[in-house]
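Visitor: I am attaching a structure below and will ask some questions about it afterwards.
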Amino acid sequence: MILKELPKQRPNDFTKVLQDVEKIISYVKQKGDEALIELEEKFDKVKLTSIKFPEVDKLASQISQDLKMAIDVIFTQIYEFNNSIKPPNIIGGSANGIDYGIMWKSIERVGIYVPGGEKAYPSTLLMAGVPALVAGVKEIYVSSPPTKINSAIAYISLKLGVKEIYAIGGAQAIAAMAYGTQTVKKVDKIVGPGNIYVQAAKYLVSSDVGIDGIEGPTELVIIADETANPSNIILDLKAQAEHGRSTFLVLLSNSDKIINFVSKELDVDSNIYYVIKVNSIDEAIDIANEIAPEHLSLQISSAREYLPKVKNAGAVTLGNTPPAIIDYSAGPNHILPTNGWAKIRGGISVYDYLKMIMYASTSNPEKKLVEASKILAKYEGFVFHADSIGVRYE
């Protein structure tokens, strides 16, 4: 059905499963491997003989040549994109007698969750793993439901230098990587999408371990003018609808021709689409910035000119570029913020695996800095702060 008004709030409510997920996390913390084996049998209907996936090399060797080629090509593209935006190891300067700067250091141990669902998703492992490799992460661990670990997952894991693959899915996988078990290594950060149980688990463990964010259902906003190809618009919307019935799909257009054609063609579909007539492209940009979508597609004649006006979006495709290419081979990531989070953060990149360490050095700072520091420290009641500064430079 076609809707002509946007909802006030997008559905992404995992609060209804929080209590169940809390119990899972608590059980894993208490029982470790024993809990994982029991929970896998309960939820994934698999009786594990080993939590650590064996014979990765053997499984990787079974990959088909065409799939291997596709993975190699996409791996290289993602690597080159992230390497091109990787910052220098040290950035700094000086002022008023003080040398200062930042050092970029990689996170040491990362856990990547590769979701199950109807299919295995090797593209997610590429998107999460390659930026970690570029950043210099020394230990990468992967967890995925046991029935979804296939030759593609194994092959990519070898290319990434993954230390171990765990045959664990769902909230129990997140708990295991967050707190560690007899077999599963405790990591510093967990990255990767998943269902509401996985997202609830990431939310609950986020006070103890880093996470990439809370990813909700797929979102796409298309802004189209009269130059856009309506058939391509329909394909782009249907492509993102493949992610499930919870997807949030919006067309904003100032063209009656586009609006009418797309509405007619999509009306027979079971998914819900929002088709909105706007007065101008500027108005459409304003609406898109308020939505802050995961994917934004500017299918307009002057897309490059309008790109700087985009303030909030996970990823933007310009002109005739299909949004789906970012899901696979463009180089930027498909693990993107949803549900308005694009207002404050972006998609996964090399920066998600780097941390800043600030430094300062001085033997002779200008007197005004010394005096200012002492005055403010004493004002705040920190006398020894003031003395530790003053004794060195007076």
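Each Cβ is built from the backbone N, Cα and C atoms, and glycine gets one as well.
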Visitor: Can you match one of ASP188, ASP256, ASP327, ASP352 to the substrate site that Swiss-Prot gives for THR218, GLN240, HIS243, HIS295, GLU380, HIS385?
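Guide: It is ASP327, as the record lists it for that site.
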Visitor: Determine, to the nearest whole angstrom, how far the Cα atom of ASN195 (NAD(+) binding site) is from the Cα atom of HIS243 (substrate binding site).
Guide: 11
Visitor: Taking Cα atoms as reference points, rank the recorded positions TYR113, GLN172, GLU294 by distance from HIS243 (substrate binding site) and give the first.
Guide: GLU294
Visitor: Would you mind checking how many other C-beta atoms are within 10 angstroms of the C-beta on GLU294 (active site, proton acceptor)?
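Guide: GLU294 (active site, proton acceptor) is surrounded by 30 other Cβ atoms within 10 Å.
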Visitor: Taking 10 A as the limit, how many CB atoms besides its own sit near the CB of ASN195 (NAD(+) binding site)?
Guide: 16
Visitor: Counting only residues 6+ apart in the same chain, whose Cβ is under 8 Å from the Cβ of TYR113 (NAD(+) binding site)?
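Guide: Looking at Cβ-Cβ distances below 8 Å from TYR113 (NAD(+) binding site), excluding near sequence neighbours, one finds VAL142, SER143, SER144, ALA173, ILE174, MET177, ILE190, VAL191, GLY192, PRO193, GLY194, VAL198.
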Visitor: Of the residues named as substrate binders, THR218, GLN240, HIS243, HIS295, ASP327, GLU380, HIS385, how far apart in Å are the Cα atoms of the most distant pair?
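Guide: In whole numbers, the farthest two Cα atoms are 56 Å apart.
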Visitor: Based on DSSP, name the secondary structure state of HIS295 (substrate binding site): helix, strand or coil.
Guide: strand
